[in-house]
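Chemist: This is the structure I want to talk about, given as structure tokens.
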Amino acid sequence: MKNTIFVLLFLVIWGCNKNSDRLPILGERETTTRIVDGKEVVDTLYHTIPDFKFVSQNGDTVTAQNFKDKIYVADFFFTTCPTICPVMKKQMLKVYEKIKGQNDVAILSHTIDPDHDTPAVLKEYATDLGVTGNQWLFVTGNREKIYEIGEKKYLVVAGADSTAPGGYIHSGAFVLVDKEKHVRGMYNGTDDEATKRLISDIERLQEEYKNKE
């Protein structure tokens with residue numbers, strides 16, 4: 001028996017849980033019922049980020065395996081974005097500087113304009129931001145796959161829109177993903193206070209995993 005439970009993705013979720021030791025798990029979830037030793041047991045199946053295959057600014061193939069045993073922050077952008085992307089990247093740089101050198105945390109930025117944003121273009125973009133190494137990956141790939149994973153899995157808006165500035169529309173959200181590929185938080189990527197909260201929540205997740213050891 002399965003019952004689908006829809007979880008509203010508003011920042012109020014964080015507000016309702018800010019006094020909890022654990023961050024909420026966001027997204028759609030299902031419950032399954034099974035019988036164990038004659039007793040009914042209910043299991044919860046949480047929304048997870050599936051495997052994927054993209055190409056990074058370094059020309060390497062990037063899959064979910066790259067983020068095994070890592071907490072990571074995902075977002076969607078395009079290099080020629082004339083509106084919110086520059087602000088988002090300024091905020092994400094704060095996250096990058098905070099986590100730099102920590103092996104258990106990473107950043108994954110998906111372009112929504114893969115025709116223009118080739119690995120070489122993404123490499124130049126990353127270099128201009130001062131990003132080196134593989135801790136912050138900028139990826140390109142199949143357009144439809146990027147849009148699909150953005151909207152259905154990361155739960156954000158991502159796609160082409162001829163009426164939008166630059167020809168694309170996307171969410172300004174930063175999405176916090178845990179080591180089990182569950183979405184644990186969504187943050188306004190253009191807001192300084194939201195970025196501070198994201199950094200704090202990364203530390204909360206790290207503490208959560210530390211306590212499991």
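Even glycines carry a Cβ here, placed using N, Cα and C.
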Chemist: Out of His170, His182, which does TrEMBL tie to the same Cu cation site as Cys81, Cys85?
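Modeler: Record source TrEMBL; matching candidate: His170.
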Chemist: Measure the Cβ-based neighbour count of His170 (Cu cation binding site), defined as the other Cβ atoms within 10 Å of its Cβ.
Modeler: 29
Chemist: Around the C-beta of Cys85 (Cu cation binding site), how many further C-beta atoms are within 10 angstroms, looking at every protein chain?
Modeler: 24
